[in-house]
Amino acid sequence: MTEHEIILASQSPRRVEILRSHGHNPVIRPADVDESLPEGIGPRDAVMFLSLKKARAVELDYLREKGLPDPASLSFGDAPEEEHTDSARPIILAADTVVYKEEIMGKPKDREEAFRMLAKIRNDVHYVATGVTLIEAGTLRRRTFCEVTKVWCRDYTDREILDYIDREQPYDKAGAYAIQGPFREHIHHIEGYYDNVVGLPYEPVARLLSGWDEEE
Ligand SMILES: Cc1cn([C@H]2C[C@H](O)[C@@H](COP(=O)(O)OP(=O)(O)OP(=O)(O)O)O2)c(=O)[nH]c1=O
């Protein structure tokens, strides 16, 4: 596994828990970015775009703080930075999760929107996409990918939706639900990574981290 320190560009308690449960102890530096999306963008591109935006925002902050140049802003005539052979450069990790079924569902802004989302996904299959970006700070080494999990919901009632909204906290969750909480009883089954639904698909992240320094 990589010796690079990991900077988690996220304020999501779920993402840090997933990393900690696998033995990482990331530094937390949430990214403060505008999460509005370009018109007409698809869900996979949307989550990759936002994960890259979050990771870049934190990378630029980090480089400013350390007085290091941003390699992405060098022009072709500039001398490139020397190859870094030490393991001192941290890897910045950012993610973004949305639910989609005919439309992209992010975090609901109010009770009505939460209700509409939960009614839309009931008794049917929907998709949860998480985009992930890893950037070795101050270098051009970066990866962005998207993982999709299929989720089948049971046929719950309007009353059950309202009870759920009133008892739980749907407003910081994409699609207004959390698979890791009481909503799990409304989920019939899933296909794909469970932790991808919670906000970070660890297995593909671990694969990238373990091969990080071996890559060309
Ligand atoms: C579908 C689903 C989403 N979620 C969460 C994961 C994400 O935290 C959130 C989607 O919002 P995101 O914008 O992906 O992340 P965030 O705002 O919580 O954190 P940050 O941008 O700082 O990284 O929804 C669950 O916890 N369980 C679920 O079952």
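Keep in mind that glycine also has a Cβ here, set from the backbone N, Cα and C atoms.
Note that this is a predicted model, so its numbers are computed, not measured.
What TrEMBL says about this protein:
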type	residues	note
ACT_SITE	D96	active site, proton acceptor
SITE	R14	site 'Important for substrate specificity'
SITE	T97	site 'Important for substrate specificity'
SITE	Q180	site 'Important for substrate specificity'
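Overlay of TrEMBL annotations on the structure.
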residue	record	CB count, 10 Å
R14	site 'Important for substrate specificity'	19
D96	active site, proton acceptor	28
T97	site 'Important for substrate specificity'	28
Q180	site 'Important for substrate specificity'	15
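Nearest Cα neighbour of Q180 (site 'Important for substrate specificity') among the listed recorded positions (R14, D96, T97): R14. According to DSSP, Q180 (site 'Important for substrate specificity') is assigned to coil rather than to any helix or strand.
Taking CA atoms as the reference points, R14 (site 'Important for substrate specificity') and T97 (site 'Important for substrate specificity') are 12 Å apart.
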